[in-house]
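A short write-up of the structure that comes next.
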Amino acid sequence: APMAEGEQKPREEVKFMDVYKRSYCRPIEMLVDIFQEYPDEIEYIFKPSCVPLMRCGGCCNDESLECVPTEEFNITMQIMRIKPHQGQHIGEMSFLQHSKCECRPKKEKARQENPCGPCSERRKHLFVQDPQTCKCSCRNTDSRCKARQLELNERTCRCDKPRR
């Protein structure tokens, strides 16, 4: 049977350039705990409890550099949200994926280079910021809020009750 890409036969030697290319800084699928992305939603149990996301990972081959995202986008996934003793429903949740990664100077140096102020002092997890333009956008989507009979507040990025 033909082998899947990346699959190795037992005791096969992997060539240096293959090892180097596959270990260098790049977007790679990682399993991310939903509570890491939504730390305030402790009243729910999520099924699944983690999701596969493309995130930057790998080596930069220089101690002063780190692998960081240079392009990101949101992806919406259907997740079961369970509220113990109250019920469950499948709803949409938005997650950040990395589409491009680069080796950049580590945070101490990057902090002076980063002219962007934070999107919000409180509830930082509700916002996504473009590192190039400093533009802030909401992780929540209008359709996600509407599915819960709520509307997206663009200023706070929260789903609020519609005003009458």
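Cβ from N, Cα, C; glycine included.
Of the listed cysteines (CYS50, CYS56, CYS157, CYS159), only CYS56 is recorded by Swiss-Prot as the disulfide partner of CYS101.
A disulfide bond in Swiss-Prot ties CYS25 to one cysteine from CYS59, CYS67, CYS116, and that cysteine is CYS67.
Which of CYS50, CYS103 pairs with CYS60 is settled by Swiss-Prot: its disulfide partner is CYS103.
Measuring Cα to Cα from CYS67 (disulfide bond), the recorded positions that fall within 10 Å are CYS56, CYS60, CYS101, CYS103, out of CYS56, CYS60, ASN74, CYS101, CYS103. With a cut-off of 8 Å between CB atoms and residues at least 6 apart in sequence, the same chain places CYS25, ARG26, PRO27, ILE28, CYS67, VAL68, PRO69, HIS98, CYS101 near CYS56 (disulfide bond), listed in sequence order.
Between the C-alpha atoms of CYS103 (disulfide bond) and ASN74 (N-linked glycosylation site), the distance comes to 22 Å. The 10 Å shell around the Cβ of CYS60 (disulfide bond) contains 17 further Cβ atoms across the protein chains shown.
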